[in-house]
Amino acid sequence: MAVLLLAEVTDGELALDATAKAVTAASKLGDVTALCCGGSAAAAGEAAAKIDGVSKVLVAEDASLGHRLAESTAALIVSLAGDYEHIVAPATTDAKNVMPRVAALLDAMVISDVSGVVDGNTFERPIYAGNAIQTVKSSDAKKVVTFRTSTFDAAGEGGSASVETISAADNPGLSEWVEDKVAASDRPELTSAGVVVSGGRGVGSEEDFKIIEALADKLGAAVGASRAAVDSGFAPNDWQVGQTGKVVAPDLYVAVGISGAIQHLAGMKDSKIIVAINKDEEAPIFQVADYGLVADLFQAVPELTEKL
């Protein structure tokens with residue numbers, strides 16, 4: 001079976017981690033063709049060609065494909081769909097905008113956040129905040145799938161796939177780019193960071209969240225937050241980890257002042273090592289933590305930061 005994978009391309013660069021993990025999942029379905037598209041995508045295409053498991057790369061460059069405009073990207077994918085049984089992508093913010101449009105145009109359903117591939121028609125995905133696994137069998141002629149990349153290992157680099165330049169589809173003209181407002185940060189991107197330090201409502205205030213940031217900077221980590229902390233105004237929305245935020249699976253996850261609500265656990269429970277710091281020894285976070293410290297975070301975290 002042939003698989004068309006929408007690679008994650010941002011500002012002309014390939015998001016290698018997300019794309020390589022999606023390739024691992026897609027390879028279970030058949031030969032993988034990676035689609036790199038955008039206002040500029042040639043460099044991304046060359047990078048995608050080096051991923052093990054990619055048999056071919058399609059590169060489409062056009063102004064209409066820039067700035068993450070979903071309608072024109074969906075139109076391009078649908079124009080290519082005739083040659084593929086599966087159309088897949090990593091479950092990123094961009095793909096979650098594009099893939100439902102693709103599915104609607106193909107009169108198919110989206111099977112989202114897939115964590116396991118049983119066969120070409122059957123997939124597993126987490127439900128109930130990760131406490132159960134749903135098995136979905138699709139009879140659609142074209143399967144439209146997004147993969148939860150935190151559950152797959154990244155494919156290696158060493159491939160030499162052919163790269164073909166293609167034309168964009170006709171622009172539907174349903175939306176236009178006005179401007180991007182991007183927050184600059186020297187820290188790693190949250191969903192791909194090897195280390196994440198997250199704070200919860202127990203941190204107490206936006207000012208005290210600097211304690212979390214200081215520890216993160218010492219560890220070269222990304223900063224995360226629980227929904228309670230975000231809702232309380234302690235941290236920005238794009239730091240939120242959980243079922244309604246970002247799903248992460250770093251090598252090390254440090255949870256500070258986080259009780260461990262089920263929706264937060266759904267976003268970080270696949271982390272390799274979980275360290276919890278909380279003064280409440282009954283906090284649910286300790287049930288999933290590999291290491292736990294029952295202590296006042298305002299004393300423990302600055303001391304830990306100082307000694308690192």
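Placement of Cβ uses the backbone N, Cα and C atoms for every residue, glycine included.
Annotation comment: TrEMBL describes 3-181 as domain 'Electron transfer flavoprotein alpha/beta-subunit N-terminal'.
Annotation comment: TrEMBL describes Arg201, 226-227, 240-244, 257-264, Asn278 as FAD binding site. Within 10 Å of the C-beta of Ile258 (FAD binding site) we count 30 further C-beta atoms, all protein chains included.
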Checking the binding-site residues Gln240, Gln243 for other Cβ atoms within 10 Å of each Cβ, the smallest tally belongs to Gln243
Within its own chain, what residues at least 6 apart in sequence put their Cβ under 8 Å from the Cβ of Arg201 (FAD binding site), listed in sequence order? Ser226, Ala228, Ala229, Ser232, Phe234, Gly257, Ile258, Ser259
Can you give me the same-chain residues 6 or more apart in sequence from Ala261 (FAD binding site) with a CB-CB distance under 8 Å? Ser226, Arg227, Ala228, Gly242, Pro284
Is Arg201 (FAD binding site) helix, strand or coil when read with DSSP? helix
Near His264 (FAD binding site), which residues of its own chain have a C-beta under 8 A away, given they sit six or more steps off in sequence? Gly200, Ser226, Arg227, Val241, Gly242, Gln243, Ile258
